[in-house]
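Quick look at what TrEMBL annotates:
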- 14-35: transmembrane segment (TRANSMEM)
- 47-68: transmembrane segment (TRANSMEM)
- 101-125: transmembrane segment (TRANSMEM)
- 145-165: transmembrane segment (TRANSMEM)
- 192-216: transmembrane segment (TRANSMEM)
- 308-327: transmembrane segment (TRANSMEM)
- 369-399: transmembrane segment (TRANSMEM)
- 411-431: transmembrane segment (TRANSMEM)
- 489-513: transmembrane segment (TRANSMEM)
Amino acid sequence: MAAAAAGAASAELVIGWCIFGLLLLAILAFCWIYVRKYQSQRESEVVSTITAIFSLAIALITSALLPVDIFLVSYMKNQNGTFKDWANGNVSRQIEDTVLYGYYTLYSVILFCVFFWIPFVYFYYEEKDDDDTGKCTQVKMALKYTLGFVVICALLLLVGAFVPLNLPDNKNSTEWEKVKFLFEELGSSHGLAALSFSISSLTLVGMLAAIIYTAYGMSALPLNLIKGTRNAAYERLENTEDIEEVEQHIQTIKSKSKDGRPLPARDRRALKQFEERLRTLRKRERRLEFIENSWWTKFCGALRPLKIIWGIFFIFVALLFVISLFLSNLDKALHSAGIDSGFIIFGANLSNPLNMLLPLLQTVFPLDYILITIIIMYFIFTSMAGIRNIGIWFFWIRLYKIRRGRTRPQALLFLCMILLLIVLHTSYMIYSLAPQYVMYGSQNYLIESNMTYSDHRGNSSLSVPKRCDADAPEDQCTVTRTYLFLHKFWFFSAAYYFGNWAFLGVFIVGFIVSCCKGKKSVLERVDEDDSDLSDDEPSLYSV
């Protein structure tokens with residue numbers, strides 16, 4: 001019987017890993033389509049394209065590892081609180097190590113991408129703009145600029161490695177004993193603290209990106225789907241009226257020189273501006289005509305009710321997320337030990353909708369994992385929407401726009417780097433919403449309960465299952481590997497706590513701004529500085 005149960009469990013695990021493999025293929029296909037959809041057809045470059053696809057895939061795969069981690073620790077136990085027959089000490093340890101090595105690998109790849117590969121490709125492409133620069137010179141200059149990022153990464157790893165999480169017991173120990181203690185701490189953690197400190201530092205940057213882009217995207221994406229875009233025929237009529245008005249201004253200015261007199265400098269400047277404006281309007285006229293007669297426009301019009309339904313669904317998901325985050329943060333403010341502990345609490349004193357919904361969904365496999373996956377993917381897609389709407393800025397200077405079919409390679413690299421950082425912050429956001437679920441999943445453990453029977457004299461001891469929490473014995477409940485990376489350093493947890501309040505504030509402001517804004521044009525915004533705008537690249541705004 002035990003062999004049959006082990007075989008069945010192994011078969012289920014194989015099926016699970018096959019599904020995970022199919023998910024990886026779907027992620028790669030999505031990344032290829034997404035990058036090809038937004039990259040500029042004129043400035044596409046093989047290395048930057050492959051880097052963008054790979055970085056985006058790593059971001060999505062890392063986000064997919066959280067529900068896998070929760071599933072594996074939950075799958076090892078029965079609902080009655082006992083371990084499954086095949087989940088002995090060695091097997092459970094192997095599963096934990098496999099997930100941990102998965103995190104090690106993905107987080108190391110993220111460090112490599114953020115601190116070396118993406119900066120190198122970015123600077124290499126920047127040097128490529130100079131026609132007089134050779135390949136070797138491009139590589140040398142790119143490596144020189146990338147060296148600064150490598151130094152920062154090395155410093156973060158060193159600081160994380162030698163910041164002791166436990167202090168020596170003997171306060172009178174010598175300096176050599178203190179140094180020896182540091183190396184023993186480093187060896188006992190197998191570099192986990194160093195990697196955790198580096199990832200936590202990047203997560204802090206990802207928190208800032210989530211506050212700016214994700215919070216706004218959560219309000220902008222559903223409202224844009226509900227409001228839709230302006231009618232192409234109506235925009236074309238307005239554009240025709242603008243053309244006629246500009247042509248009248250040009251005729252008025254030119255009429256001043258019919259008798260051969262030269263135009264004043266002021267009129268010449270005005271004439272030049274009107275002629276440039278007329279060229280832009282005629283380009284817009286041709287693009288609007290293309291969109292109005294396009295089959296894609298008619299197809300999107302037929303999908304309009306579906307977009308409204310999706311927009312309403314996304315608003316409900318956003319409200320679920322925001323209300324749960326507010327109640328969770330309020331719980332930490334009222335019941336945690338304060339800033340010195342990083343506002344960490346175990347369990348929930350104030351119930352929030354997500355924390356109540358997940359235990360209910362756990363009774364029907366795999367509804368809870370589907371909900372967690374939906375929230376994670378919604379978090380990522382709203383981040384993409386926020387970056388598209390806001391663009392990439394350096395303080396008050398706008399660096400790049402994300403435009404369909406006209407995004408420069410440098411902008412795509414920035415986009416993927418921002419998404420990598422936001423994905424790192426996603427795990428902590430989910431933990432903030434449902435800490436007990438992220439730590440233990442659906443695990444139960446057995447506790448002794450004394451029961452008194454009316455028909456017998458005396459008491460009887462009975463083992464009853466209880467949901468795993470911080471009071472559970474270590475050998476009865478397995479903590480997810482995600483949790484190990486989240487709370488190594490209390491000061492990061494404190495920063496994340498204040499970041500959650502900022503996230504809620506930006507969401508409210510973004511929601512008000514999105515409600516006040518009118519419908520978007522069927523065209524992406526056409527500015528005079530769009531040098532890569534051409535008539536043979538019509539851009540349909542289909543969001």
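Using the three backbone atoms N, Cα and C, a Cβ is placed for every residue, glycine included.
No curator has checked TrEMBL annotations; they are predicted automatically.
Here the transmembrane segment (47-68) has long-range neighbours at 20, 23-24, 27-28, 30-32, 34-36, 39, 99, 102-103, 106-107, 109-110, 113, 117-118, 121, 124-125, 369, 372-373, 376-377, 379-380, 409-410, 412-413, 415-417, 419-420, 422-424, 426-427, 430, 438, 482, meaning same-chain residues at least 6 beyond its ends whose C-beta is under 8 angstroms from one of its own. Tertiary proximity for the transmembrane segment (411-431) is limited to same-chain residues at least six positions away from its ends with a CB under 8 Å from its CB atoms, namely 35, 38-39, 48-49, 51-52, 55-56, 58-60, 62-63, 66, 110, 113-114, 118, 121-122, 125, 199, 202-203, 205-207, 209-210, 213-214, 325, 372, 375-376, 379-380, 383-384, 387, 392, 399-402, 438-439, 482-483, 485-486, 496, 500. Long-range contacts of the transmembrane segment (101-125) within the same chain, counting only residues at least 6 positions beyond its ends with a Cβ under 8 Å from a Cβ of the stretch, are 45, 47-48, 51, 54-55, 58, 61-62, 65, 138-139, 141-143, 145-146, 149-150, 152-153, 195, 198-199, 202, 409-410, 413-414, 416-417, 420-421, 424, 481-482, 485.
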